[in-house]
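*Asks:* Starting off with a structure, shown below.
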Amino acid sequence: MRAVLTWRDKAEHCIYDLAFKPDGTQLILAAGNRLLVYDTSDGTLLQPLKGHKDTVYCVAYAKDGKRFASGSADKSVIIWTSKLEGILKYTHNDSIQCVSYNPVTHQLASCSSSDFGLWSPEQKSVSKHKSSSKITCCSWTNDGQYLALGMFNGIISIRNKNGEEKVKIERPGGSLSPIWSICWNPSREEHNDILAVADWGQKLSFYQLSGKQIGKDRSLNFDPCCLSYFTKGEYILLGGSDKQVSLFTKDGVRLGTVGEQNSWVWTCKVKPDSNYVVVGCQDGTISFYQLIFSTVHGLYKDRYAYRDSMTDVIVQHLITEQKVRIKCKELVKKIAIYKNRLAIQLPEKILIYELYSDDSSDMHYRVKERIVKKFECNLLVVCADHIILCQEKRLQCLSFSGVKEREWQMESLIRYIKVIGGPPGREGLLVGLKNGQILKIFVDNLFAIVLLKQATAVRCLDMSASRKKLAVVDENDMCLVYDIHTKELLFQEPNANSVAWNTQCEDMLCFSGGGYLNIKASTFPVHQQKLQGFVVGYHGSKIFCLHVFSMSAVEVPQSAPMYQYLDRKMFKEAYQIACLGVTDTDWRELAMEALEGLEFETAKKAFTRVQDLRYLELINSIEERKKRGETNNDLFLADVFSYQGKFHEAAKLYKRSGHENLALEMYTDLRMFEYAKDFLESGDPKETKMLITKQADWARNINEPKAAVEMYISAGEHVKAIEISGNHGWVDTLIDIARKLDKAEREPLLMCAHYFKKLDNPGYAAETYLKIGDLKSLVQLHVETQRWDEAFALGEKHPEFKDDIYVPYAQWLAENDRFEESQKAFHKAGRQQEAVKVLEQLTHNAVVENRFNDAAYYYWMLSMQCLDIAQDPAQKDVMLDKFHHFQHLAELYHGYHAIHQYTEEPFSSHLPETLFNISRFLLHSLTKDPPLGISKVKTLFTLAKQSKALGAYKLARHAYDKLQGLHIPARFQKSIELGSLTIRSKPFHDSEELVPLCYRCSTNNPLLNNLGNVCINCRQPFVFSASSYEVLHLVEFYLEEGITDEEAVSLIDLEAPRHKHENKWQEITSSNSQTLRLDETTDSMRDDDPFTAKLSFEMFHSEDYELLVLQHTCCPYCRRRIDDPGP
């Protein structure tokens, strides 16, 4: 550290205090009864300020730079603006000793001999507090919360912002050690507030805010008058009776003298955020100094040691960025580092450190030796067992115990010295002299070896890794490179201030100068890039650069020298450079260049580095082919070009090597079809078609289906065209394709039809099926689309498809709840089992749902189907039995329908006689277990009620008696019990009018017939009317032998011929009107049987039948419509 005087001035009076404006542009001095304002840049007196009547003792500037304050022996404090205008004045009872602004709130503390005051711009009055002793100095903490007051009686009082005392520190010397200057450390990095105290007991002390002392008192050997910190708190300035300003560390270690004066120093301050110091003296002298802190450091490979805070040494590992701090607590003068050794020169001794271990990344140092002796030297070098001191022209070699072993006297001043390695105790030194001589010295050898001599002085030296080349930077900023053995100058480069060889590559060096970093490989041109500072090391791709006081490792890609080697096809050398450190892009470029140069070994290493498996596979395949005997380099290079995307060059090489097919395959794989066509020129049509097909495949893959369809059609690949069109729903395209295709091409046409069906265009599908004559598929199409009319028409023309039509039709009807039609369709299709199954299910559902009329109809239909099936001789007997069984059930359910309505509904449309006849019919028919759904209770209940109403009391009594033995629903219970009681009051016989007569033997049958519905005499079955259930006037007869069934039917028809029904409505048209008249004269039934109508195996009275037909528009039993010709 050295101090350079910048400017000096002298005032007429003693300079008691001074203050800088926070931006450092102005300096305020307290001189006599005036304030002097100086420009800090050149020491110009800007303006003297008059306002005080007596000597000004103190001055302070606010942190915001808006105002400053001065205190005087005239007991007044004046507030000034930054424009040098006085704006406020207030007084104390005694002379003002010190003033200080709060750094946060800008509150002003002013201290006198008997009290102190606190003033802020917001408040009108000054709050004052008494003091037990004269206050000599004051200082605010960084956060502005506390004010420290130094007193003449040796006490330090720490107050809060309101002036209340919080901490009291009593110095050991008491009133014999007046506190003359105090200051809080302004550093923001300190965890605690630290107060520096200087007293006239000639001591420097440090305290925490709590009042606890830090360390011990440090003796000064002079009376301190002023104490101040640097802006960041790293150093302390002290001045006083020793007539000089001393620089101390923040811990109180003296570092040196800033400037010697001719009288006491009363004040000294540091210009904010700078290394400039101003000193004010008793004789009025004002001195302005610049402090220059020199760099003390040492470097060996990737370890850099440098001085920090003047007393510490920091060792930095430039690769791992690890740092370790060694606290010496004394001024560090010189540093040297070599391998695992570190030497530190202090004012009175040299410390030798060593690493704990041999680990290259170990950063733990311990003291190995101490040489307690004062040395004066320009340069310090450390070796494994020695230290080398350089003083002007002389070199001294000392052991670690401090014993001088050797000494070398040089011809000229030593300008540069460096350890270049060697065995322990026999290291070699490279020495450069001012006269241009360059020597090599071994520490165990008295004789220096002259390597070479040049005309200019040496500034910097370095030797290549193999010790074959020497790089020298001379005083003319020229970098010269020599061959050590031949002493030949290999090349020289201008604008250099330092040079370093690459420790990993023999032919690479770098030098810095003029703000640029220059990298030179072999004899190639220099590559430049911007870089501030000095190059001090070059390790692989890292360049160690010293800029001002900081050392940094700069990662420099070695791209430029690598490309220089590549340009000359020197692939192996380029690979060595790349290994030092280049970008991935550079590695890839090296790999490509080596591949194109067919240098496969280098290419493989480079591609491995960038992990490009594709190219590694290519290299392996080429190497395998070479092993098999292939030697065509054109073919290898063509493969390389195709991998690189240089397809046209690859095609030319393929053609030149006689492998046109590979070029064609490459173009088609890359979808470069136009180039492929050009390459083919007028080639084989098959190959052209293949190209179009591949092009279409590509268009399909890149989601260009329209183009793909057109290409497939032009290539004759109709199936693929149809598939794409169908998947995209392009019906028009499908129609065009289908109509252009020949009917012999069944597969594509069938695909068209399939997509027409899928896209809901059955008309086009039908057209396609007709084109290829596939009637079965056409039938299936009609069925699937439920176009039944077309299906039936096709079935009429082609009966072989009858089953394919009617079975799905029946299933469709059944699915749509049209079960009766479904049953008929099954029957028509010859699917008797399905037809019967549907009918049985319908019948069961009707019974379960109490639709007994429908159940009767379904049983009738079942019986008729059984009759149809009975025409088959093999099933005749079984089917006839089923026919009679189903006919019987149909009759029962038909009759029970009226009983159910009567018992369940509030009103009945049937006459009492009808209900009476029906219930009698059912009672006689239900001799065994009644069928499902038919209630014996309801039947007996109806019979009992109607018998009682018609006068058949005996039968009614029987019915009520029967009911007593059955389980009766609750809703009938009361009515039956009442009827059972009231019937006992009636006669015990039946009305004769109700007694049925047998029309064969004229026997009166009882109403309750144990034989059932047959005559008790002749056993003739009664034939009942299907509407009123009265016994009809019919007698069963048998044909005589010789008369066939057909003859009998014809005879019956002759006896009662059927006439065509005539329309009774007559239309009359006149000129201006049209009328309809009912002609009642026509009696279509006059010749019919006046008693009965025969239909569906059931008999009716003709009047009843006509009435029922008019009501229902169909037969009430078989439901055949009146306009149906029927059987």
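Every residue gets a Cβ built from N, Cα and C, even glycine.
Below are the features I grabbed from TrEMBL:
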- 2-188: domain 'IFT122 first beta-propeller' (DOMAIN)
- 49-80: repeat 'WD' (REPEAT)
- 189-292: domain 'IFT122 first beta-propeller' (DOMAIN)
- 297-551: domain 'IFT122 second beta-propeller' (DOMAIN)
- 558-937: domain 'Intraflagellar transport protein 122 homolog TPR' (DOMAIN)
- 991-1035: domain 'IFT122 zinc ribbon' (DOMAIN)
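Thinking about packing and proximity, how do these listed features fit into the structure?
*Replies:* Through the fold, the repeat 'WD' (49-80) approaches residues 13, 16-23, 28-37, 86-101, 103-104, 106, 108, 110-112, 117, 119 of its own chain, all at least 6 residues removed from its boundaries and within a Cβ separation under 8 Å.
The residues of the domain 'IFT122 first beta-propeller' (189-292), classed with DSSP into helix (H, G, I), strand (E, B) and coil, number 0 helix, 64 strand, 40 coil.
The average pLDDT the prediction assigns to the domain 'IFT122 second beta-propeller' (297-551) is 88.
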*Asks:* Report the DSSP secondary-structure composition of the repeat 'WD' (49-80) as helix, strand and coil residue counts.
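*Replies:* The counts are 0 helix, 19 strand, 13 coil.
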